[in-house]
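Noted in TrEMBL for the protein shown:
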- 196-230: repeat 'PPR' (REPEAT)
- 231-265: repeat 'PPR' (REPEAT)
- 301-335: repeat 'PPR' (REPEAT)
- 336-370: repeat 'PPR' (REPEAT)
- 371-405: repeat 'PPR' (REPEAT)
- 406-440: repeat 'PPR' (REPEAT)
- 441-475: repeat 'PPR' (REPEAT)
């Protein structure tokens, strides 16, 4: 401190700058402060603050304070002395000056104080720059909340605005630090701060652009739970996420079957969220989401009621599901193909094929069209019940309606036909669906090859194997096992024809 005082005195008498008008005011400040500095070290903060209030010229500042030894405490005290909006430019100038000319490494807490000062003064562009710099500085920190905690801790000290936390989350999104940004949201909400929708939109947009679709839906679900209503930007982002997942058309078709006509984009997004949560087995959470959406008119009653019935079926409560369904009809809602197909699936899972067939007939009597999932469930259910003829009938009706079966349901039918020795019919069906764009897998060919092997038709087995190779399908162990057994049989027949007896392997 004595050295600093000597430097100030020499500055006052220096002939090179003594007559410079730009430092006249600074000299008067220093003269007033010298006596205080000699008796109180803390007065250096007042001196620095007063100097920075009067000038922003770095050369003058550097000449004025040539031997200044900064500490984190001094820096933070100076910033707090300059916290009023009128002095925010001085605070920012001091922050940058100390870093550039003094090679001072600022603590995160100092960054936070400076950011608060700038936000309070509505200098948002500068605040964003500092936040980005601070986040990059703290990126390697092992502490999860290394930025949000000091920002919270300095919030009341500066008398800042909640806007600062929105800027923080938006900075996380800009830097693609999405997980940290979302954790910061939750942390801030737990401390009583409710972020603006624009902050959530920034996170969602960044995640969607980066292809992090799983996290996109997690953040959107959190928004709905916190009663944060989406706007047009939010919905557009979520529709883009559905497109990127390749699920948009599937969801639209599902809702068309339930509602009977095209739904608004926000209904498409919210219905997908609830359906996704239910499919994950989080039934209670799905129902809570549905309740919140209904309160805010974010989903249609018809769709909500249908999802409640679907949830009952998902839980295996078939009788309870029928009760809710009947109540729906009494309230004026119409039956729909999605729900009746869901009942068919439930009956097939129970092995009650006659009930499933009756429900299918009821659908047709109502003028409702069965769709691919309806027939897929019936084909699989009939196979499990050993009803192979009914299995084939449903397949043929499906094809006549221009529908293509799923790979799993087609494989079950092929397996059933091959088990009863009708591999030729199964292979013929494969030719039919291939023309309609069906993509078989290894299991399809394994069932067909096994069927032909049992009939001793080696040429058909080999033909299917070469077809697999042509389609770049990896045969796998089951297919090679079929081939080895078939080749072994041929070799044994050749040995017998040559008068040789195969040896018994011990």
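Here the Cβ of each residue, glycine as well, is placed from N, Cα and C on the backbone.
TrEMBL entries are annotated by machine, without manual review.
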Averaged pLDDT score, the repeat 'PPR' (406-440): 94
For the repeat 'PPR' (231-265): best-contacting stretch of 301-335, 371-405, 406-440, 441-475, by Cβ pairs under 8 Å: 301-335
Long-range Cβ neighbours of the repeat 'PPR' (196-230) (under 8 Å; 6 or more residues past either end): 165-166, 169-170, 172-174, 176, 178-179, 181-182, 185-186, 189, 237-238, 240-241, 244-245, 266, 269-270, 273, 276-277, 288-289, 292-293, 296, 298
Contact set, same chain, for the repeat 'PPR' (371-405): CB under 8 Å, 6 or more residues outside the stretch: 253, 257, 337, 340-341, 344-345, 347-349, 351, 353, 356-357, 360, 363, 412-413, 415-417, 420, 425, 429, 432-433, 436-438
